[in-house]
Amino acid sequence: MELATRYQIPKEVADIFNAPSDDEEFVGFRDDVPMETLSSEESCDSFDSLESGKQQDVRFHSKYFTEELRRIFIEDTDSETEDFAGFTQSDLNGKTNPEVMVVESDLSDDGKASLVSEEEEDEEEDKATPRRSRSRRSSIGLRVAFQFPTKKLANKPDKNSSSEQLFSSARLQNEKKTILERKKDCRQVIQREDSTSESEDDSRDESQESSDALLKRTMNIKENKAMLAQLLAELNSMPDFFPVRTPTSASRKKTVRRAFSEGQITRRMNPTRSARPPEKFALENFTVSAAKFAEEFYSFRRRKTIGGKCREYRRRHRISSFRPVEDITEEDLENVAITVRDKIYDKVLGNTCHQCRQKTIDTKTVCRNQGCCGVRGQFCGPCLRNRYGEDVRSALLDPDWVCPPCRGICNCSYCRKRDGRCATGILIHLAKFYGYDNVKEYLESLQKELVEDN
């Protein structure tokens, strides 16, 4: 409910408004025209017309103009240096002013908050200004509050203009804020409803698709079963084209093989291989002495006739491999390897053993036969002892020592393959098991047994 009351301004208040100010003269308000609609230029023109006409009946249009406000304008301050201490608690609560209470009740909470914030801003500005300006403002009274702005400040609103402008602007701001908040709430509600509806639609579509897929699957299964039944019926109706075999073998059960036999478990033997020795393993085809065999063998190698003429055998590395007994030193004898661990392998500086074909730097035997050459007469300590039962040191110090290949008793893989026999492999452990010291004696015993059996 708006208050539309008009009060006739007394002469004292009119004198206050008609008194000249610092910058320009204030001649009063124009009758029946609100101050909000007047600009700075129009207000000046209206004041000139009022001054020329000397209108005494000046009316102040404000619904908030009360007796207390009129008394404040009439009373004069005691001194120019006195400051305004503010309103009392009763004035703020509105107990003595029922009209102000009505206006405050019309305002909403947002309007009251805006008014309080504006009052705080005014207090901060007053604190920021120096004391002289404040004393001057208090000495003039409230006449400065109703001064019209100049042409430069025409667009800027005056904070101390009137209470009507203050309340109207506060109401407009509050209405705008409430409208914006309502719009935002409506948009949020609409968005939530749209999202929920979309999610519900998606879930419905997914459930419908899944149900459709299940229905199609069941229909396909039924159709396939019906088709298979029809095909089987057609096949059964035509036995001439597709004869049905009687399951004779299905009735017979296969005999289950047992993993272990009930009798005594026999030792598992390795399968026969081509590398294993034949039946006549160590049997020699001749029964001559070793010396005669060696003589015949070397004479055969030296006799390579071409047109009835003999050709001498070319000797290779004869000078480098032959060492007389006088050249053997104590260092050479100490360098002889007794076991396999004493052998040091060296592919650059080492020399090769005829039996094991390993290139080591230990001292090896030297064959004193004039027809022996190269690696043929070189045997290391372990090979000469295990395979033939001889010692390398005694062989080096013997000027008449001849290597096993020259004697025709070599049992290495190359020599046995050349003679048409298979390789023996590692037989030293088997020979020691049967009570022999070397492989040569074990092979000779086998040969004697075979000869005796024949």
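Backbone N, Cα and C atoms are what each Cβ position is placed from, and that goes for glycine too.
Quick look at what Swiss-Prot lists:
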CROSSLNK  LYS222  SUMO2 cross-link
CROSSLNK  LYS225  SUMO2 cross-link
MOD_RES   SER21  phosphoserine
MOD_RES   SER79  phosphoserine
MOD_RES   SER105  phosphoserine
MOD_RES   SER108  phosphoserine
MOD_RES   SER117  phosphoserine
MOD_RES   SER138  phosphoserine
MOD_RES   SER139  phosphoserine
MOD_RES   SER162  phosphoserine
MOD_RES   SER195  phosphoserine
MOD_RES   SER197  phosphoserine
MOD_RES   SER261  phosphoserine
REGION    103-169  region 'Disordered'
REGION    188-213  region 'Disordered'
REGION    213-235  region 'MYC-binding'
MOTIF     9-33  motif 'Integrase domain-binding motif 1 (IBM1)'
MOTIF     65-91  motif 'Integrase domain-binding motif 2 (IBM2)'
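Feature annotations (Swiss-Prot) mapped to structure.
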{"residue": "SER195", "record": "phosphoserine", "Cβ contacts under 8 Å, 6 or more apart": "none"}
{"residue": "SER197", "record": "phosphoserine", "Cβ contacts under 8 Å, 6 or more apart": "none"}
{"residue": "LYS222", "record": "SUMO2 cross-link", "Cβ contacts under 8 Å, 6 or more apart": "none"}
{"residue": "LYS225", "record": "SUMO2 cross-link", "Cβ contacts under 8 Å, 6 or more apart": "none"}
Point to revise | Averaged pLDDT score, the region 'MYC-binding' (213-235) | key: 91
Check your understanding: When the region 'Disordered' (188-213) is classified with DSSP, how many of its residues are helical, how many are strand and how many are coil?
Key -> 26 helix, 0 strand, 0 coil
